[in-house]
Each structure stands twice: as structure tokens, then as C-alpha cells.
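Here's the structure we're looking at; comments come further down.
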Amino acid sequence: MTSRTEAVKAYLLDLQDRICSALETEDGGARFVEDAWVREAGGGGRTRVIGDGKLIEKGGVNFSHVFGSGLPPSASAHRPELAGRGFEALGVSLVIHPHNPHVPTSHANVRFFIAEKEGEEAVWWFGGGFDLTPYYGNEEDCIHWHRVAEQACAPFGADVYPRYKAWCDRYFHIKHRGEPRGIGGLFFDDLNEWGFDTCFAFIRAIGDAYVDAYLPIVQRRKDTPYTAEQREFQEYRRGRYVEFNLVYDRGTLFGLQSGGRTESILMSLPPQVRWGYDWKAAPGSEEARLTEYFLQDRDWLAH
């Protein structure tokens, strides 16, 4: 490993530890179970899963560091000149699915790729972001989530938050449904334009912001009573989450195409999901308001 890779790895392992600790404390019941694994083709990771807690129905916070002799198609699709290069990929990826339908699902990811070829300069980039998927929308939560995202981006330029917010809205769009997966946040990839030190600082700012963005929302909503019908709606909306992850998500596709660890890759899927044929929310209902108002391309910081 190069000194750059070592620095990124040390940060990611510490980030995984800190996020797991914060989530365990908030749950107050369940604890993460760690599964350390080794990849035959090169590398390994620490999968940490949690479930059946007071707050968290299912969740995972994964660290992986894998390497190989050739980049898979999902990683080189936008940069065909890198096809066939050896690579290292490091990242922390997490998804939290709460029991209570009033608590949104959250997802975050920070990652580092380096692609090498003998006799040529190494090419590296960072990617990541975080996004929120509510089932019952609340403006206060949406504004808070995006405010924390904006504050994390602010030291790196006034254009960074709007640029990566818009990218998130485009990326987490379920094309065959014509709707977004959630209310967005930040998404970026192929980031190397600022030089390594600044890009690495940005990744740390985004990784460190996740807990500040998510836990205040959890604390406000986790004790809200809910009905069996609301739980059913949550499971129906979770189906959209599954559809996006299995059809479009670059991280999922990269993991599967590179011979990654299937259990860790599919950790993001919720434990209980529902599909109903041509199901529609009742007009004027909270359920209808989710798609009509909250799941729209909206500037939440203009409120």
C-alpha cells in the first residue's frame, strides 16, 4: 500500500468504529456483530451488522479494501481508458433501516479508488455521499439533513453543495418508476480535481457529517406511534429501495462484478418488503403527500 492508501484506510476504519458506536448508543438495545472476511482474489473487510434492536430493524456498516488485476465494467464505464488496469478500492458503506416508519432509512458511503498500470502514472479518485429515504415526510427533517450537507461542503466552495445535491437527485432516480428514491443529500464520484489532500479532507468532512445529519432526525421521530397500515406502507416503499439497489446502484454492481462478498454487498436490502400490483395511495393522504410533495426536485434550504 502507498502512504495515501494507508491514510485513507486508517480514516475509514476509525469512521466505521465511530458510526457503529453512535448507532449502538442511539438504539439502546442491539449491538453490531462483526464478520471479518478475506477475499480470495485480494483484500478483505469488516462487515458489521445490527438488527432486531429497539430502533434498528436491520442495518450494516461495512468496511472493505479489495484489489485486483482489472477494473470491472461498472468502475470504468465512464473512463474506458482505465479498463484493464490493476486497482485498489477502499470504502465504508452503510444502510440503516429502522422499525418505525416515521424514522427515515439512511445511507452513506465514502470510497477511494486507485487504478495502476506499469509504466504509467497511477490514477485515483474519491466518491461518496449520503442520502435519506423517508416514508412519512417532515419538512424539519429534510431541511436539517440538507443543512448539515451544505455545512460539510461549505469550506470547499460555495458551488459544491448545489452541484453534489443535484448529482444526488439525478443519481438516486428510479427511472422505471419515474421517481426519486428519497429526498437526496449529496453524491459525487471520480473526484480528484482539488488534489489528494483537499479531496481527502472533503471525504473526511462528508463521512464525519453523517451522524450529525441522521441522529437528530432519529431522536425526533423514534417514539412516534404508528399503525399497522403505516408499517405496511413503509414495506411497500422499501420495495422501491430494493429496485434501485439491484438495478442501478454503482456500488452494488461494482461489488458483484468484481467478485465481491455477496452477503456484504446485499446487506443494504431491508428485511421485510412488500409489492402490490398497481397500488396507489389514497388522494389527500400522508402516503400520497410523500410522492406529491417530498419526493420532488426541491431546494430544501430555500424554505
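Every residue, even glycine, has its Cβ placed from backbone N, Cα and C.
The feature substrate binding site is assigned by Swiss-Prot to S93, N109, V110, R111, G259, G260, R261, with sequence analysis given as support. Here Swiss-Prot flags H97, H107, H146, H176 as divalent metal cation binding site. The active site, proton donor annotation in Swiss-Prot covers H107. The site 'Important for dimerization' annotation in Swiss-Prot covers H176 and is backed by sequence analysis. The annotation region 'Important for dimerization' is assigned in Swiss-Prot to 241-276.
The two recorded residues V110 (substrate binding site) and H146 (divalent metal cation binding site) have their Cα atoms spaced 18 Å from each other. Helix first, then strand, then coil: DSSP counts for the region 'Important for dimerization' (241-276) stand at 22 helix, 0 strand, 14 coil. Summary for the binding-site residues G259, G260: the Cβ-based neighbour count within 10 Å is maximal at G260. Residue environment of N109 (substrate binding site) contains 23 other Cβ atoms, counted within 10 Å of its Cβ in all protein chains.
The Cβ neighbour count for H176 (divalent metal cation binding site), using a 10 Å radius and every protein chain shown, is 9. You'll find the Cα of N109 (substrate binding site) roughly 24 Å from the Cα of H176 (divalent metal cation binding site).
Here the candidates are the binding-site residues H107, H146, H176, and by Cα distance the one nearest G259 (substrate binding site) turns out to be H107. The C-beta environment of R111 (substrate binding site), restricted to residues of the same chain at least 6 apart in sequence and closer than 8 Å, consists of A89, L90, G91, V92, S93, F126, G127, G128, G251.
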